[in-house]
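Among the features that Swiss-Prot reports, (6S)-5,6,7,8-tetrahydrofolate binding site is placed at Ser113, Leu114, Leu115, Pro116.
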Amino acid sequence: MSDSLRIIFAGTPDFAARHLDALLTSGHNVVGVFTQPDRPAGRGKKLMPSPVKVLAEEKGLPVFQPVSLRPQENQQLVADLHADVMVVVAYGLILPKAVLDMPRLGCINVHGSLLPRWRGAAPIQRSLWAGDAETGVTIMQMDVGLDTGDMLYKLACPITAEDTSGSLYNKLAELGPQGLITTLKQLADGTAAPEAQNEALVTHAEKLSKEEARIDWSLSAVQLERCIRAFNPWPMSWLEIDGQPVKVWQASVIEDATQSLPGTILAATKQGIQVATGKGILNLLSLQPAGKKAMSAQDLLNSRREWFIPGNHLA
């Protein structure tokens with residue numbers, strides 16, 4: 001029975017907390033929780049606990065917050081729990097080989113893509129930006145590489161034309177616990193069937209940067225619309241007008257050809273702000289000037305029509 005396994009859980013953000021909650025709700029025996037140290041947050045920079053820590057303390061679980069698992073004394077914290085398996089979900093710390101080898105059944109990880117596609121830090125965003133038709137979660141046996149371990153279980157879900165990173169995150173946060181609980185059952189009863197990753201199919205999901213989210217009008221309208229959805233809700237695609245950053249929350253693609261230079265404003269109406277791109281026209285629907293709330297193109301035109309005069313060029 002998987003509920004008889006002694007489980008260490010290691011995770012930090014809300015995505016991880018949802019997996020911990022599923023384990024506890026389904027009656028699994030979580031003997032200890034590792035999460036990152038409290039971090040300053042908000043305007044007051046007050047130290048705030050991670051969502052995983054909040055949940056673990058609510059449930060009366062032992063919580064450990066080492067800055068690193070490299071020191072011997074921190075590795076001993078893991079060893080002393082005598083776990084059968086360690087479940088790792090968006091923990092954010094490297095697990096040395098000594099830690100990976102401690103649990104009887106090793107360490108398993110929930111990854112937000114269908115490996116070997118999109119190894120790395122930003123699989124959800126990269127799958128959207130690439131225009132993938134589907135994504136999912138992979139439960140894998142961890143090794144010393146970055147998302148290189150044998151695959152134990154996969155669950156797929158389609159990516160719709162309306163999906164943002166936020167909506168896809170929520171979908172995978174529902175799928176992940178399902179796959180995790182199934183995998184734990186298979187590990188417990190000896191039916192797990194590890195499958196090596198095909199190195200020929202590997203792609204890498206590099207960490208996102210705010211500068212990368214700046215709209216590059218030389219790209220096609222299709223690429224830019226995907227980028228806007230991929231970077232929503234963070235770091236948010238943006239453009240610069242009058243020296244001010246303006247976030248773009250939503251846009252649509254107009255397939256019409258245009259001879260105008262990329263970045264040229266073609267029209268500004270209540271239906272949207274149409275801008276020439278490297279191929280096709282991008283119709284900006286929802287924007288957020290610095291210090292303001294997100295608003296429709298029509299509302300922004302009512303207050304800042306001078307920003308969007310047809311023929312002008314956006315940086």
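Glycine is no exception: its Cβ is also placed from the backbone N, Cα and C atoms.
Other than the site residues Ser113, Leu114, Leu115, Pro116, same-chain residues with C-beta atoms no more than 8 angstroms from the centre of those residues' C-beta atoms, the (6S)-5,6,7,8-tetrahydrofolate site, are His111, Arg117, Trp118, Arg119, Pro123, Gly136, Thr138, Asp147, Met151, Lys154, Gln197. Ser113 ((6S)-5,6,7,8-tetrahydrofolate binding site) counts 24 other C-beta atoms within 10 Å of its own C-beta, drawing on all protein chains shown. Neighbour counts were taken as the number of other C-beta atoms within 10 angstroms of each residue's C-beta; across the binding-site residues Leu114, Leu115, the minimum falls on Leu114. Taking all protein chains in view, 20 other C-beta atoms sit within 10 angstroms of the C-beta of Pro116 ((6S)-5,6,7,8-tetrahydrofolate binding site).
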